Amino acid sequence: MRFIHALLLAGIAHSAYASEKLTFKTDLEKLEREKAAQIGVAIVDPQGEIVAGHRMAQRFAMCSTFKFPLAALVFERIDSGTERGDRKLSYGPDMIVEWSPATERFLASGHMTVLEAAQAAVQLSDNGATNLLLREIGGPAAMTQYFRKIGDSVSRLDRKEPEMSDNTPGDLRDTTTPIAMARTVAKVLYGGALTSTSTHTIERWLIGNQTGDATLRAGFPKDWVVGEKTGTCANGGRNDIGFFKAQERDYAVAVYTTAPKLSAVERDELVASVGQVITQLILSTDK
């Protein structure tokens, strides 16, 4: 009798979970219709197992979200002793491209340290600092090689900034899928890809990101711990990837959207709305 009772309870729980996932999908499809958008979402646990998703295997332009795994590659080089965080990277005015606030600020000195460039790339989305790091690691091909090394067979970087943010429809260059990137986030933060010191530093940078107050974290409860890296592309691309801790559970998340008919502010609001849909799912399934 107890066995039958347990089976009934398990069946009820499974049915409730399936219902919440259906609501998750329905809510995202409604947003897509209302905003004339495509929305890709993947939420995974620390082991990379899927919690929920939508258009998970569809390719989207990475935009600046790749700057998080780029920083992870830099930390891996530091951890292995092939790089030093305090090494000075010399550069000139040719390194200043569109949106390079920190690179411009350090130009008078003629250099940034490796860690200064990595932090600027993550927290400010500084394109000049990003290109400086790409120069040091061996270019976009080295970034793609790192993706492969940590088990991501999908994500690819082909160009530097700002060209990699063109987001031309049908162009496979500089793209990823939500599930590939969510699992890359999980691998970096929870899978032992970096030392604990490096992991803690990059988590702190993500939590202190200065470009994402209006995106995912705007749609999450204030008591969740959230760290993220945004991305903006031409042709309506607005993305956000990272991690969140809800009710003592850790998750990695990747959200990629394309909404060419919306304004920049409306695209931020769209990503925040996706955050609200994710919140509803997590709070319902964690009861």
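From the backbone N, Cα and C atoms, a Cβ is placed for every residue, glycine too.
So that you can see what the record holds, here are the features copied from Swiss-Prot:
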- 1-18: signal peptide (SIGNAL)
- CYS63-CYS233: disulfide bond (DISULFID)
- SER64, SER125, ASN127, THR230, THR232, ARG238: imipenem binding site (BINDING)
- SER64: active site, nucleophile (ACT_SITE)
Among the binding-site residues listed as SER125, ASN127, THR230, THR232, ARG238, the Cα nearest the Cα of CYS63 (disulfide bond) belongs to THR232
Cα-nearest neighbour of CYS233 (disulfide bond) within the listed binding-site residues, SER64, SER125, ASN127: SER64
What DSSP gives for THR232 (imipenem binding site), in three states, is strand
Does SER64 (imipenem binding site) have same-chain partners at least 6 apart in sequence with Cβ under 8 Å from its own Cβ, and which are they? SER125, ASN127, THR130, GLU161, SER165, LYS229, THR230, GLY231, THR232, ASN239
Taking the Cβ of CYS233 (disulfide bond) as the centre, count every other Cβ atom within 10 Å, in any protein chain shown. 24
If one looks at the chain holding ARG238 (imipenem binding site), which residues at least 6 apart in sequence have a CB under 8 angstroms from its CB? CYS63, THR215, THR230, GLY231, THR232, THR257, ALA259, ALA264, ARG267, ASP268, LEU270, VAL271
For CYS63 (disulfide bond), the three-state class that DSSP assigns: helix
Candidates SER125, ASN127, THR230, THR232 (binding-site residues); min other-Cβ count within 10 Å returns THR232
